[in-house]
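The block underneath contains the structure these notes are about, expressed in structure tokens.
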Amino acid sequence: MERLAIYPGTFDPFTNGHLDVLERALTIFDKVYIVLAENSKKSSLFTVDERCSMIREITASTSGVSVEVLHGGLLAEYAHSVGATAIVRGLRQVKDFEYEFQLSLLNRHLNPEVTTVFLMPNVKYTYVASSIIREVALLGGDVSKFVHPCVLAMLKKKYEEQNAQ
């Protein structure tokens, strides 16, 4: 039986920390669905299509990965619909745990067959967050050690377009 998991997030943008968690998840699961979820509480720099495109480019040579978009609905229901028994979440710091723990309990209530698996990234990514990457890139800082080259190019392009307006 194939072990399936979903790895949800806004991934705005997808960082090397996200990639590290994905690679760790693939040592446990046969297939991981990266699920881009829209978050109404966050304003996105990149469109869903741009984020999907970048993640697909980054994971093109990685077997066992599928990039999907959740258009509304509950994550626990989506997990059930694809046959996933786990939701993968990355934890960088202790402060991430409280929120993620609440979500895991809710998802478990909504779908008792799904378990949340918390994975810690390599220590060199524990302070890397998409919001920090966006801000540093906006201010002209070098984020090349924290994102894939395609993400770096898209960040530069996006901020050049914004500055031209």
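Using N, Cα and C of the backbone, Cβ positions are placed for all residues, glycine too.
Per Swiss-Prot, these features apply:
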BINDING   T10, F11, H18, G90, L91, R92, E100, Y125, T126, Y127, V128, A129, S130, S131  ATP binding site
BINDING   T10, K42, L75, R89  substrate binding site
SITE      H18  site 'Transition state stabilizer'
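Sequence-distant neighbours of E100 (ATP binding site) (same chain, 6+ apart, CB under 8 A from its CB) are R89, L91, T116, F118.
When the binding-site residues T10, T126, S130 are compared by the number of other C-beta atoms lying within 10 angstroms of their own C-beta, T126 comes out lowest.
In three-state terms derived from DSSP, E100 (ATP binding site) belongs to a helical segment.
Max Cα-Cα distance over the annotated ATP binders (T10, F11, H18, G90, L91, R92, E100, Y125, T126, Y127, V128, A129, S130, S131) is 18 Å. Around the Cβ of V128 (ATP binding site), the same chain contributes T15, N16, G17, R92, P121, F146, each under 8 angstroms and 6 or more positions distant in sequence. Most other Cβ atoms within 10 A: among the binding-site residues L75, L91, that distinction falls to L75. Distance noted between the C-alpha atoms of S130 (ATP binding site) and L75 (substrate binding site) is 21 Å. H18 (ATP binding site) sits 18 Å from L75 (substrate binding site), taking the Cα positions as reference. Calculated from their C-alpha atoms, the gap between L75 (substrate binding site) and T10 (ATP binding site) amounts to 13 Å. For R89 (substrate binding site), the Cβ neighbour count at a 10 Å cut-off comes to 22, with all displayed protein chains included.
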